[in-house]
């Protein structure tokens, strides 16, 4: 890969993922509207929302750490993005495997915790404490599923894992080859994306949108942008580990939208857990499934 | 640069949130409302929490105070008919019914049989509409946003019936002293039957989505329990009382209009928690459908209004009356005093919402976790404007 193309990709990649995030966000709103017997907004409504928020004048700040932490939230997500391979761009993946990604994935959560904690709004603080509890809930099974995949494929490189799956065809996809790990990761992914029944962090009726309560204007705009990048990022992680990755952008987008449809369908028909129930569910269902999957791989039966 | 200079830094030096107490005291204050997704109408809760648990709860009403009771003393009897439905927006007809019946009781006015049947139909349609609203509100507190969209769009079909009959969707101003304002338009009975059939066909979908939803059941079971031994003492009525195991219903205990000629059951539950209260309402929708079908089948022909004197000069004889109605919120009563003038001397509204939405709610919230505060409030199904009246 030439230096010029790397530079172009560094600039273009987050923008492309952001655009995909906008489409996924718009699709979610359109999809949920149809289920709810509404027409719903435009497909690119999230883009309009971001433009509106980012064009607002900032009149109130909660201090230096608040401002920095919000950038940490977005920066951490964008940094993680570079290590997740997509068709045509996997340059940085050779320098960082899944372990790097799992470390980097923590940065946005910590950034949000620092920034929201600085506002000292109790709704925000409760939201953050819930976010960290949920992190403990979904992170362990998700990491464990990766350990299982890594043990099976004898590599921690996401690129190699994709190659193995693509070489073996459909039956080599992670979800088919080791279904326990695939299902465990899928449940963890639902929590990671803060979709119901694990939508405990925002929970408008309980804590008035939690971390977002004290955010407005550009701060909220940055949170929106981060969310719009984080959604395709986390879905791509799952696609790469369990759905055979993608060899071209069409395949990638199809897998992205199919997976997203499955997750938001669950989101539409469930209420939200209490936070303790959400963590318990992760530890009682997702974690044992992942552990069984790993044991199966150790015993060479899955 | 100039924009940057205008930025105000709040909470500089990381001071405590203004509502927080001293650090050694583990309690802090939180507000739900008046501007909060989890509040029911123009209303607020001032909570003191320790961790996630509510240790003290105060309701903050008054955001919708329009002085209805006092206003009614300044207006003619006929003018007040337009005021009373505004006391409870989701279920306005019991107000019209009570107001009309109080005048009829004082002035000894006989209501034509057909009008009595129409009134029952209106009251039951209003009950269904109100319960559908309650289902949506309750589901929303638990994050199930599909349900409010479904149930409120189904409620719209009932509002369309109201519009066809009365010209208004919410404030019908239809039940008037001496009967009802106009007879059913042609084909209206069939429209009602079709709507009832539609709503009945949707109930299994509601069950799947809300009432049999494992997460919803898990979250609302055992939450906000009204101790049955305290229910009467606290003045609980309506579905909230029936969910505590008491088969008390004004329609049966003190029948009005033609309820004593109709067959229906009083659904009860014994758990007395948030889930039980909603399940009682769910079953009541079926009973209301049953009642309306009987009303449509048995409705006699004849006049719908016993004509009264010129409303601008109408002096209701001196006297007083206490009338009550079973509304979707609970027992709803009016006490009216007339001194023989063209205006009422006093109209007191005894709504169920002061009891449920203020006194009972404050008791139930203590010991409840913050995530359940909203569902407890919505499960009681109070009506903030009725608290303020």
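The backbone N, Cα and C atoms fix where each Cβ goes, glycine too.
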TODO: Out of A:197-217, A:281-301, let me know the one TrEMBL marks transmembrane segment.
DONE: A:281-301
TODO: Grab the same-chain neighbours of the transmembrane segment (A:170-189) for me: Cβ-Cβ under 8 Å, and only residues 6 or more beyond its ends, written as numbers and ranges.
DONE: 138-139, 141-142, 144-146, 148-149, 152, 161, 164, 234-235, 237-238, 241-244, 263, 281-282, 285-287, 289-290, 292-294, 296-297, 302
TODO: Between the transmembrane segment (A:98-119) and the stretches A:6-27, A:131-150, A:219-243, A:249-269, work out which stretch tops the count of Cβ pairs under 8 Å.
DONE: A:131-150
TODO: Please work out which recorded stretch in A:6-27, A:64-86, A:131-150, A:219-243 has the most C-beta pairs separated by under 8 angstroms from the transmembrane segment (A:281-301)?
DONE: A:131-150
TODO: Mind checking which residues of the chain, 6+ beyond the ends of the transmembrane segment (A:64-86), have their Cβ under 8 Å from one of its Cβ atoms?
DONE: 10, 13-14, 17, 92-93, 95-96, 100-101, 104-108, 110-116, 118-119, 158-159, 162, 215, 219, 222-223, 225-226, 229-230, 233, 236-237, 240, 245-246, 249, 252
Task: Intrachain neighbours beyond the transmembrane segment (A:219-243), with Cβ under 8 angstroms and 6 or more residues off its ends - done: 14, 17-18, 20-22, 24-25, 46, 49-50, 52-54, 56, 58, 66, 70-71, 73-74, 77-78, 80-81, 84-86, 98, 101, 108, 112, 115, 145-146, 149, 158, 161-162, 173-175, 181-182, 185-186, 189, 192-193, 211-212, 252, 255-256, 259-260
